[in-house]
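J.: Quick one: this structure, given as structure tokens, is what I'll be asking you about.
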Amino acid sequence: MRKPIIAGNWKMNKTLSEAQSFAEAVKNAVPSNDVVDAVIGSPALFLAPLAWNLKDSEVKLAAQNCYWENAGAFTGENSPAAIADLGVDYVIIGHSERREYFHETDEDINKKAKAIFANGMTPIFCCGETLETYEAGKTAEWIEGQITKGLVGLSNEQVASMVIAYEPIWAIGTGKSADANIADEICGVVRSTVEKLYGKEVSEAVRIQYGGSVKPENIAEYMAKENVDGALVGGASLEADSFLALLDAVK
């Protein structure tokens with residue numbers, strides 16, 4: 001039985017005071033980690049104070065990105081070793097916004113995944129297709145390619161422990177969402193690709209999220225599906241009440 005994981009991706013939103021107010025509102029209200037993993041994907045600026053705010057709570061922290069080197073002349077980048085030292089559990093990598101706006105490649109994302117594991121954290125590895133790819137019927141082929149290139153060189157144990165988030169680009173922040181059956185089908189493609197590469201035991205262990213205009217009103221439909229183990233949520237994770245409602249719908 002795979003434990004559900006609900007991760008909020010705040011993207012480039014909130015001030016420090018807003019982030020800390022959110023943390024105070026949710027830290028004693030989230031369900032137990034025995035039931036569901038509750039994760040906040042915060043801007044890097046807030047990770048240190050939030051780690052302090054949330055140190056005795058069930059909420060886990062995710063960075064939204066990191067570099068693949070621990071130190072060096074990489075102005076403006078965030079060291080995975082430094083992120084881990086703050087007590088961060090997860091790092092989101094491969095998000096479509098990083099791929100599109102910052103030209104990150106599958107090879108870049110693969111190096112980041114290895115660095116994240118090397119520093120004792122867990123990647124939330126994002127994959128997803130454009131509307132053009134979806135309408136051309138090439139979603140499965142596209143997703144298989146992203147996963148195959150993005151996970152190369154990782155061990156069975158590492159892949160089994162990671163989180164893979166399927167986010168159709170055409171559903172991110174648009175108000176549109178892939179219906180639950182489509183989400184289940186493509187999350188099934190993710191799982192079958194992992195099985196081809198790493199075997200059935202690993203594919204049955206890896207947790208797969210759906211992301212793309214998920215909100216409290218529709219999350220239960222997705223979570224009822226066999227291949228959907230959680231959600232990577234953008235806008236609906238920005239308000240404490242909404243984030244808690246997402247978790248309540250899952251527990």
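Quick reminder: no glycine exception, Cβ is built from N, Cα and C everywhere.
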J.: According to Swiss-Prot, N9, W10, K11, S213, G234, G235 bind substrate; identify which of G173, G188, G199 is listed for that same site.
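T.: Of the residues offered, the record points to G173.
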J.: Helix, strand or coil for S213 (substrate binding site)? Use DSSP.
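T.: Reduced to three states, the DSSP call for S213 (substrate binding site) is coil.
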J.: What is the interatomic distance between the Cα atoms of H95 (active site, electrophile) and G235 (substrate binding site), given in whole Å?
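T.: Roughly 15 Å, rounded to the nearest whole number.
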J.: Just how many other Cβ atoms lie inside 10 Å of the Cβ on G235 (substrate binding site)?
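T.: By my count, 18.
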